[in-house]
């Protein structure tokens with residue numbers, strides 16, 4: 001993340017944004033909303049001191065300012081430019097007048113909502129001494145001329161303002177940042193990306209970027225709080241409907257698909273925007289317009305819309321003279337709705353005047369077009385999300401989405417026979433101030449949807465959006481490292497856990513669920529986590545690892561650990577069961593590819609249908625092993641516990657990841673006894689991955705054998721075992737190079753940040769000569785070599801035995817038995833010792 005702390009020349013240290021006041025500006029083409037926050041307070045106390053708006057209409061500006069204590073100021077001014085320095089100076093002056101007498105203005109941070117940020121990270125900084133990002137924003141203004149151009153002008157006004165401190169910082173929050181989770185299937189246009197050449201700024205791609213991201217973030221946070229569910233649990237369709245409208249399909253709290261594209265023009269129509277049209281239409285619009293003016297017919301000639309910002313005639317028409325305005329003759333959706341209502345009522349009573357017929361009929365058509373486009377995208381997202389956990393809720397926001405009961409009613413009527421039909425059950429108690437549920441009777445629907453089974457309907461909500469508040473939170477979090485999700489849930493898990501979470505700076509969304517898993521009794525079927533193991537933050541891992549070790553150490557001191565008597569061959573461990581959802585996302589394949597191809601340029605990429613794709617799924621669920629081993633209920637210390645053998649069975653090949661998957665990990669019990677060996681206790685952890693359906697179709701199964709080092713009173717063997725490895729009929733199939741950077745890449749894939757892997761110093765403290773390679777990282781590279789020698793067409797299995805630690809850096813040679821092709825091994829290039837061996841075959 002760029003420029004989170006602004007460094008003054010010669011100061012030698014950064015100035016935190018958490019000083020003075022924070023002014024959040026949300027500028028549109030004809031309006032400016034703002035809120036003033038105290039940047040020195042806590043995240044929970046981040047409430048606006050002063051808020052207000054400036055709205056341009058008919059060459060005048062209506063200004064409103066409101067203090068949280070009830071003081072206010074309103075005035076009408078003769079302004080025509082929303083981003084002028086005059087407006088900024090007026091606002092700062094009157095904000096100061098509304099503040100308490102013992103308070104000062106001292107605005108150190110001005111936060112700007114910027115619609116198009118393309119590849120830029122969230123919260124980039126622009127100061128009087130560092131303005132290199134401003135040029136990029138000026139380029140991007142061509143792709144969002146109604147908004148970015150205004151934001152650029154407003155930033156310039158702040159930089160030139162004498163009312164702001166010399167060292168003040170302008171921080172940009174981008175609507176596009178929320179949609180960084182879009183994968184290539186949803187974001188890529190099927191055009192040659194090289195056609196753009198050097199015309200796009202900073203290497204910006206010709207792709208779908210998506211917008212309204214700050215609003216979507218705000219809505220998800222509100223909905224999460226109101227429903228008492230973490231964001232990562234939410235699958236919702238959000239409709240941000242206003243002068244500019246868009247929709248977003250959200251899967252597990254992240255943007256999965258959205259209607260707007262390279263620019264805000266794509267997707268739904270708006271007050272003056274056309275929405276998606278035939279791509280050739282703009283060329284004909286430009287040609288026709290220029291032909292009327294008697295000029296050369298150049299469809300790409302431009303007009304200036306702001307200082308230094310030019311767009312084509314067609315873009316201007318599609319942005320400013322289309323949408324509701326072009327069909328109904330007005331850009332005001334409330335007026336469109338009123339005319340439609342009167343037309344329908346008059347038509348029913350046969351009282352529509354002839355001179356009003358066309359006007360009212362056009363308003364009805366504009367309304368119906370808008371509804372049709374919304375229904376189309378809803379159906380699109382419903383189908384796409386059905387294989388990813390389904391749709392849990394539909395949410396409406398924005399000026400139209402919050403206020404138009406007529407729109408809600410018509411959408412409910414058209415969707416009543418679908419699985420998006422509004423639910424009759426209340427999932428929210430009462431009507432919250434910022435979020436409430438739309439009931440079926442309020443939407444004009446009687447009874448329940450008889451075409452669907454009970455429980456399949458979807459609750460509909462209205463959520464107010466707070467883009468300025470979301471900007472303030474994001475800047476606060478970026479400058480302090482705190483997670484807004486964590487702070488919202490801290491009161492629910494108690495003061496003690498809250499203090500612990502703060503001490504350890506836990507940034508995960510899943511602290512509450514993990515705490516319940518570690519320190520509360522399981523249900524009848526064991527523990528159920530509502531998130532994937534790979535989503536657990538590193539700080540949570542450290543916290544619960546330390547907590548688990550301390551718990552077991554104390555219990556051991558008071559006789560709570562295992563006691564092995566002489567001659568004992570097995571031990572019964574407590575039965576433990578853990579379930580959670582699992583999904584292999586596109587970005588995890590990218591990380592997996594990077595981990596495999598780091599030093600081997602000739603390796604081809606893996607995909608979901610390959611053997612390596614299934615191995616990635618097994619790797620991601622391995623974190624359930626760690627959760628079971630460190631649990632206080634297992635009387636085995638995680639310190640010194642190592643993975644010695646694995647068996648993975650892929651029962652579905654090629655892997656089908658279009659269906660939701662559930663992982664079930666279990667150990668212990670009378671049928672799964674631990675084995676007493678000379679080095680300690682060996683026990684097996686089983687992990688089954690199945691489709692989340694009524695038949696629970698098995699997809700993948702693995703058995704992980706753990707050796708927990710401890711004193712067992714088993715005597716050493718009377719004769720020394722022959723440890724020399726036989727060369728047999730092995731032949732080389734490829735090199736496996738493991739540099740010092742290898743653990744960092746593999747940890748990014750699976751989240752295994754074991755100290756012996758990530759730090760040479762910590763590895764030495766545990767008795768190793770240096771940091772150790774991840775065993776499965778080596779196996780993944782071997783399997784990649786094997787797939788080019790062994791064709792796997794159906795279900796397959798692979799067994800692995802880790803014989804000795806691999807101290808980095810190390811270069812290994814992968815070998816395969818040339819007689820049967822099943823056995824394989826990795827030997828060190830320097831010492832010819834076998835470090836890993838195994839076999840592979842078909843089920």
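Going from the start of the chain as shown, residues are counted 1 onward.
The backbone N, Cα and C atoms fix where each Cβ goes, and this holds for glycine too.
Straight from TrEMBL, the features:
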ACT_SITE  175  active site, proton donor/acceptor
BINDING   26, 467  Mg(2+) binding site
DOMAIN    746-789  domain 'MaoC-like'
SITE      212  site 'Transition state stabilizer'
SITE      273  site 'Transition state stabilizer'
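Features per TrEMBL, on structure.
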residue: 26; record: Mg(2+) binding site; Cβ neighbours (10 Å): 22
residue: 175; record: active site, proton donor/acceptor; Cβ neighbours (10 Å): 26
residue: 212; record: site 'Transition state stabilizer'; Cβ neighbours (10 Å): 30
residue: 273; record: site 'Transition state stabilizer'; Cβ neighbours (10 Å): 27
residue: 467; record: Mg(2+) binding site; Cβ neighbours (10 Å): 21
Give, as a single whole number between 0 and 100, the mean pLDDT over the domain 'MaoC-like' (746-789).
83
Residue 212 (site 'Transition state stabilizer') versus residue 467 (Mg(2+) binding site) - Cα distance in angstrom
9
Taking only C-alpha atoms and a 10 A limit, tell me which of 26, 175, 273 are near residue 212 (site 'Transition state stabilizer'). These are the recorded positions.
175
Tell me the coarse DSSP state (helix, strand, coil) of residue 467 (Mg(2+) binding site).
helix
Please report how many Å separate the Cα atom of residue 175 (active site, proton donor/acceptor) from that of residue 26 (Mg(2+) binding site), as a whole number.
11
In whole Å, how far is residue 273 (site 'Transition state stabilizer') from residue 26 (Mg(2+) binding site) when you measure between their Cα atoms?
20
Does DSSP put residue 175 (active site, proton donor/acceptor) in a helix, in a strand, or in coil?
helix
Kindly assign residue 26 (Mg(2+) binding site) to one of the three DSSP-derived states: helix, strand or coil.
strand
What is the three-state DSSP composition of the domain 'MaoC-like' (746-789), stated as helix, strand and coil residue counts?
27 helix, 1 strand, 16 coil
